[in-house]
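These notes are about the structure you will find just below.
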Ligand SMILES: [Zn+2]
C-alpha cells in the first residue's frame, strides 16, 4: 500500500482488545476464552494444521443502519488430523457455525480469544488429513468508523446532500474485522464474492461481476467471478453510488476508474496512466496481468495514500483525481507515481507475496523502486529520476538513529506489523534495490527479478529467495557479456556471494559511513556505522559489503570496488585533485572526505560545479551537513560549501540546500533567538536570490523546472522577499476580486494563498472556497496555506474541525496538526492539541500506524531544548503500553530532540561567528566597490548633495562603528546600512539582545533592508553621536517595509510524497 501524504495503515487497538501483547506473541499462562473455558491455542500466529483453499463470501452492508451481515463458507485443506480449527475474527458477532464434512453437516462449538483476534472452532470428531471439509460461519458487525476493515465513508454533494458508501482496507490485519478468515499473508486462497445491495448503489470487487440476481424485498445480489489464489489482505469490495470511465489495454485488460459522480470528470488522466502503466508492467515483467480487469477507485475517506487490492486498487481522492486546469506539476508527478506503485504491487506483493510481515520490504521496497523504473520509461517528461535521491535521504534520516531497525525485522503483533510500514521498508528498501541494480547492471537485475516473479508466482517468499534468483543470473545465457560488471556477486563462492552482500544491508540496521583519505596515489578507505548518538559503543560490530563507486578529477569513468572489510586501500593510476565516491549516490552510504578532501571538493564546487552531476552535488550537500551532526566536519566547512549554491540551478541540489539550511532556523524559531534566526534566514534568501529573481510566475517549463519554481517562489514569499510578496499579493487580490473565478498559474497558487491566509478576511475567503471546491489538489493547497497562517485562533479551529470531521475531513487531520506545529505561530498549539486529543487520535488512526508516527515526529522534531525534551518525555512517559508507550516513534522523537540539543550546543557559536564573518566580509567587499565608486562620484558630484555621497558617508560611519567595536572587543550590537537597496548587513550579540529585539519585531516595522525588515537602530545603538548620522538617516526612519509585520509564516517543505 502507499503511505501517501503521510502514512499508511492503521491498526486499531482498543485497550480492551489487548492488542499490545507481549512481543513474543505467546501468552504466558493458558489463554482463557470469553466464555471462561481454556482457549486451545496460545500463539498469535495461527497453527498450520489446516489452511483455507477457497472462500465463498456473501456480504450485505446496510448503508442506512451502517452495519453489515455476512456468510463465509471456507473450504479447508487439512494437513494433519485435528479437531480444532483456529482462525481470525475481530469484533464480529459470529453465529451458526457449521462443519460441512463428507459424513454430513454438524454444528461446531466456538471459543473466542479477543486479545489475539482468534476463534477456535471445536469439532466433536477428528478432521482427517486428506479429506474435504468446509466450515460455514454467519456473522454481523457495524461498519467501522475508522479507516480500516469494512468501513463507512461519506461525502457531500454540491447541493449539500450527504451520501454514504462502504469500502474496505484490509492490509495489514483488518480482513478479520470484515469476515472470519485465516488472516496471514501465507494463507492464500481463492475467493468467490457476492454482494447484496440496493438498486440505487453499485458494488465492485476484485473480480468482474458475473451476474446480478433479484432478491426478495427489492434488493439485488451481485455475483463476482472467483479470484486467483491470493492473501486475505488483498480482498476488496465497495458499495457506493460511484460512476466510472473505462478503456482497454493493449493486452486486453479492462481498466476502469471510479469516483463520486460530481468528480468523474477528473478521472481521464488516471485512466490513461493506468492503461499505459499496466501495459508497461505486462511487458517488463514478461508475465501477463492475470485478471481480466483492473479498477481504480477514489475513496472520499482514506487514511493512507492508496492500496493495491488485486484488481481493485483504492486511492485517496488526491491520489487519483486530476484536473488539467487546476492540478500542478507535482500533482501530476505524485499521482502517476501512486498509480505506478499500486500497479507494480499487482506483481510484487499480489502475485509474489512475502511469507510474513517481517519481510514487508519485498512488497514495498520493490513497489517504491518500480515507481521510478516504470515512470522513467513511460513518462520520461516527468523526469522522475530527479527525485529518487530524496527517498534515500529520507530513509537515512530515520536509519541514522539507534531506534532504527533492519529492513527485515521480526514482528509479531499487529502494532509491530503496522510499524513496518515506514521509511525503512519503503525507501531504504528501494534504495538498496537501486544499489544492487547499479552493481549488477540493469539488464542482469531485470532478468533476476523476472525469474524471481516467475518462480514464486502465487506463492510466498523470504529474502533468500530473491538473492537466489539474482545469483542465478551468473550462469545465465541471457546475460550479455558486456553486462558482467558483477564479478564479485558471481565469483567463486557463487551461491553465497549475492546473499552475503545483501544480507549486510537487510539484516542489520543503519548504514555505513565510508571515510576516504587521499594521499598521493593512495586512497585509504574505512567504514563505520553512521549513527547520531553520543554513545560510540552503539556503532561497534557493524560491517557492510559496500559496492563502492568513484570518479576522480582525472577521469569521468565510474570505477568500482567492493569494500568488504573495515579498512582497505586503493591505488589510483595518478595523483588527482579530487575524488568523488558514491557516484550519483546510487549506493546507500555516506562519504566523509578526510584530510584536505572536503576543501578540494569545495574548490571544485566553487569554480566548476558542473564537473559533478547534480545528483553528486546534492549528495555532497547532504553528506557534509549530516557529518556536521556527528562531529566529523565543522559547521563552517559545510557552510563554506553551501556558498556555491548561489550559482546552482538544478532541482535536487537546490532543494537539498534548502533541506539542510532551513531546518537550522526552524530550530531557532522554537527558541527565543530571533536575531540569529533572522540572520540565517537572510543568508538563505541571499543565497537563492538570483535564482528566485529568474523565476517566472507562470506554468511554463519542464516538470522539474515547474516544481522548482513552485518551491522557490513559495520560499521567497514565506520569507518575505519583497518581489515575491508583491507578486503573490497581487495575484491573491486579483483572484479574490474575481470571487475565485480567475485562473491563477497553478504552480504558484500556494504562494498566493499563503499571502491571503495572513489576514482574517483573506483566510475566511480561502476557507469558503475550500469548503465548496471539488478540486482536491486545489483544496489541498488551500489547506496548506491556511495551516501556515499566523492567525492562532484559525489554526486552533482548523485542528478542532479536522478532528470533528464534518467540515474538514478527519483523514486530513495529521497534515493539519503537523503543518500547524511547523508554523512558528502554531507550534505550541500543535503540541497542546496532540496531548489533549491523544486518546481520540490513537483510536481513530491506531497505534503503530504511520499516521500516528508522522504526527508524533512532525509535532516534536523541531524542539532543541532540554526543557522541551523534559516536557515531551513527561507526556509520552505517562502513557501505558495500551496507549502507545512502546511505539518506536516515541524513541525516535527523543533521539531527534537530543540530537537537536547537541547540534545547537556545539554549533550555535560557530554559526553565529560564520554569519558574522560573512557579513563582515561582504561589507569589506562593498567598501572596496564603494570606495572606487566614491572617488569617481566625489569628483563628479560631491559639490551637491547626492545619495551616492550619503551612501559613502554611511559606509564610513559603519566602518567607524566596526573600528570602534573591534577596539573594545565587542561587535556592534546591531547595525544597519540605512538606505534601501543596500545589501543586508547586520551583526548582533544575539544571545543578549535577542529577547528585546524579538519583542520589537512584533511592532510595525519602520525600516527595511533587503531580506530583513525591522526597526532602525538608534544612534546610541550604533555607538555614534547624533552628528555622525548621515543626512539620509531620518529620511529612512519611516516605514518602507513591503508589507505589514514579518508574518513569521513558515517555510513549507516540498510535499513529502507519499509512500505507501
Ligand atoms: Zn505499497
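Here the Cβ of each residue, glycine as well, is placed from N, Cα and C on the backbone.
Listed features, source TrEMBL:
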type     : residues      : note
ACT_SITE : 342           : active site, proton acceptor
BINDING  : 341, 345, 364 : Zn(2+) binding site
DOMAIN   : 52-234        : domain 'Aminopeptidase N-like N-terminal'
DOMAIN   : 269-475       : domain 'Peptidase M1 membrane alanine aminopeptidase'
DOMAIN   : 578-898       : domain 'ERAP1-like C-terminal'
REGION   : 1035-1060     : region 'Disordered'
SIGNAL   : 1-18          : signal peptide
SITE     : 426           : site 'Transition state stabilizer'
TRANSMEM : 927-949       : transmembrane segment
Stretch-averaged pLDDT - the domain 'ERAP1-like C-terminal' (578-898): 95
Residue 342 (active site, proton acceptor), number of other Cβ atoms within 10 Å: 30
Candidates 341, 342, 364 (recorded positions) - the one closest to residue 426 (site 'Transition state stabilizer') by CA: 364
Between residue 364 (Zn(2+) binding site) and the residue listed as 'active site, proton acceptor', the C-alpha gap once rounded to whole angstrom: 10
